[in-house]
Amino acid sequence: MTETTSKPEPQIKIRGLYKIFGADPERVLPEVQKGMSKSEVLETTQHVVGLRAIDIDMYPGKTTVIMGLSGSGKSTLIRHLNRLIEPTTGEILVDGQDVMKMNPAELRELRRTRMSMVFQKFALLPHRSVLDNAAMPLEVREVPEEERHAEAQKWLARVGLDGYGASYPHQLSGGMQQRVGIARALTSNSDIMLMDEAFSALDPLIRTDMQNLLLELQEELHKTIVFITHDLDEALKLADHLVILKDGEIVQQGEPQRILMHPEDPYIVDFISDINRARVLRARTVMTEGITPDAVVHGDVDVNDTLESVIARAEGRTDQAFRVVRDGQPVGHLSMTDVVLALVPTDASEQRQATV
Amino acid sequence: MAHYDGVFNTLGLRDWCDAGKEDGPMTMAQLLAQAKGADPNETTGPLPFPSLDSLHDACSRIPQTREMTAGLERFFLDIKNSLKVVLDPITQPLSWMLDGALWLFTTIPWWVLIPMLIALTWYVSRSRAVTIFVALAFVFLGAIDHLEVAIQTLAIIFVCTGLCVIFGVPIGIAMSKNDTLQKGTIPVLDLLQTLPTFVYLIPLIFLFSVTESKLYGIAIILYAIVPVIRLTDLGIRLVDKDVIEAADAFGMTSRQKLFKVEIPLALPNIMAGVNQTIMMSLAMVVIASLVSAPGLGVLVLRGIRNLEIGVGLIAGLGIVLLAVMLDRASKAALNRVDVSRSTR
């Protein structure tokens with residue numbers, strides 16, 4: 001959907017980003033750029049390649065999810081966006097401005113007004129009340145107390161913490177603490193929200209709640225969200241654009257539905273083999289585009305309906321077909337045989353050979 | 001003949017050794033040997049360690065050990081005057097503060113001072129039990145006529161602990177921010193902490209007159225400042241890295257980070273340091289009475305000197321009582337600021 005509609009300028013552009021950890025990264029960089037493998041670099045130079053040749057475009061109002069297992073460099077990557085970590089080389093453009101060339105004052109301004117962050121371990125100030133915590137981004141900007149408390153109060157109420165302002169973080173459950181973390185990020189009123197494994201420390205049920213909260217907020221606020229996770233289901237649920245990292249390199253990036261249907265790497269095939277495809281794949285991904293007026297259809301389904309709901313509509317029968325509509329306009333045709341076929345995971349190597 | 005003659009002979013240094021030969025004053029060992037009627041240069045008995053003294057026996061060019069201690073003493077005496085020019089004015093305010101505090105605490109009538117101190121206890125501790133204990137302790141000290149000396153000790157402790165905090169906390173913060181500074185400071189702190197308390201007094205007695213209050217003030221501060229520096233450094237280094245990262249991510253300046261995040265979160269540790277500092281200055285205040293510090297220490301000293309067992313023991317008990325009061329009050333204050341508690 002994102003890729004077909006008119007393309008605005010990306011809000012964040014990452015170009016040729018490398019991060020090497022070790023005593024003298026500059027010396028090792030040329031070798032890494034030439035393509036020396038991570039283990040080889042570690043063996044010959046005792047340097048660790050954190051990130052290699054990262055290029056990502058992040059569009060305004062969209063959620064970009066960066067997914068990878070632990071050690072894949074995803075947390076390192078997100079910290080480059082507001083320069084909590086300095087890269088070895090590369091460009092990060094936020095609204096066309098290179099973050100790497102900013103002086104300390106400009107960088108502080110960026111962090112104060114244009115980017116906010118939500119942390120895996122919440123990172124609230126334990127000695128401050130919930131209200132003060134939520135108001136912290138404005139306090140940093142020296143906004144008068146009354147004004148910042150009013151703003152913080154508003155966002156606390158929005159994330160469902162009305163009346164908890166006077167409590168202290170340790171009195172709240174993990175889920176509620178992370179709501180404070182989100183309220184804090186929203187209070188800063190920045191366009192960009194960085195979320196570093198924001199829901200990973202929460203129980204599954206609470207996590208689902210928080211994901212729904214985030215989707216709801218996003219529908220209303222249209223922030224540019226960069227979300228880090230190791231959980232594929234979470235990634236597929238939230239992402240407009242999905243980036244899969246492995247050992248500091250991008251394995252594949254694109255629209256999540258596309259990655260599911262056309263995995264380009266055995267690693268991704270393994271990764272997606274366990275998920276419930278019926279729940280994740282949507283009608284628009286599987287449908288045949290174009291209107292066939294004379295086809296027999298048993299009803300209408302929305303482009304964003306999951307295959308699960310389509311199967312439920314068909315009551316399990318495979319001899320049915322549906323018309324797919326977007327905003328009431330028919331856009332495609334969906335037969336139940338296609339639906340069932342789409343549930344069989346594609347094999348990457350075959351797929352690649354087919355496309356090459 | 002001395003034990004190590006052979007060594008110098010074989011090295012061909014005999015001429016060099018004897019060139020500047022002169023008979024210095026005899027050592028105690030030589031005197032004793034002479035008194036016994038033995039030849040002091042005789043090589044009998046077991047082989048001694050090749051120390052300066054025994055090498056000196058063989059070669060008079062080698063200095064004796066006593067010259068080292070004498071040299072150190074000369075060095076101190078030589079720099080004394082120039083050091084005094086610098087140190088005297090710098091430390092003079094300490095004398096004024098100590099004398100002022102002693103004057104103030106002993107001039108205010110007891111029926112004003114004691115309620116004030118009890119109110120202060122309540123203010124810092126907010127603990128009824130601690131406040132009542134402090135009140136009872138004062139009543140007891142007053143009843144046995146030790147109130148004035150105890151108050152003197154307390155005045156010294158207040159001034160010295162206050163200065164320890166004023167200097168120690170910034171030093172600790174600087175150490176936590178700078179690894180090189182930390183590496184350089186830790187040996188000094190180790191030295192200050194392990195140096196026997198009496199040894200503090202030796203260079204100070206050289207520098208200042210024994211009647212000046214700053215003499216014991218400096219000794220107490222040097223001894224007691226260590227824990228508050230160490231624990232401030234530790235406390236700030238232990239602040240949760242995630243919280244620091246959040247502070248950075250929202251664009252805090254280093255000053256905002258220090259005052260809004262690091263110091264508040266390190267406060268329990270800093271308070272623990274202050275508590276230790278109070279206890280250590282109390283320990284030093286007894287020894288400081290050797291160099292004219294007033295207070296309970298003087299009575300302890302009298303007890304030792306004149307074998308007035310009762311006087312010494314009662315004064316000692318008074319010090320213990322002061323220690324418990326200060327400890328409980330500062331611990332209660334520590335608990336109050338502890339961030340794990342909900343209310344402030």
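From the backbone N, Cα and C atoms, a Cβ is placed for every residue, glycine too.
Features reported for this protein in TrEMBL:
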- B:101-123: transmembrane segment (TRANSMEM)
- B:130-147: transmembrane segment (TRANSMEM)
- B:150-330: domain 'ABC transmembrane type-1' (DOMAIN)
- B:153-176: transmembrane segment (TRANSMEM)
- B:188-209: transmembrane segment (TRANSMEM)
- B:215-232: transmembrane segment (TRANSMEM)
- B:278-301: transmembrane segment (TRANSMEM)
- B:307-326: transmembrane segment (TRANSMEM)
Intrachain neighbours beyond the transmembrane segment (B:278-301), with Cβ under 8 angstroms and 6 or more residues off its ends: 102, 146, 149-150, 152-153, 156-157, 160-161, 164, 197-198, 200-201, 204-205, 210-211, 213, 215-216, 219-221, 223-224, 226-227, 311-312, 314-316, 318-319, 322-323, 326-327, 330
Paired segments the transmembrane segment (B:188-209) and the transmembrane segment (B:153-176) in contact, 3+ CB pairs under 8 A: no
Among the ranges B:130-147, B:153-176, B:215-232, B:307-326, the one whose Cβ pairs under 8 Å to the transmembrane segment (B:101-123) are most numerous: B:130-147
Same-chain residues near the transmembrane segment (B:130-147), Cβ under 8 Å, at least 6 residues beyond its ends: 110, 114, 117-118, 121-122, 296, 299, 314-315, 318, 321-322, 324-325, 328-329, 332
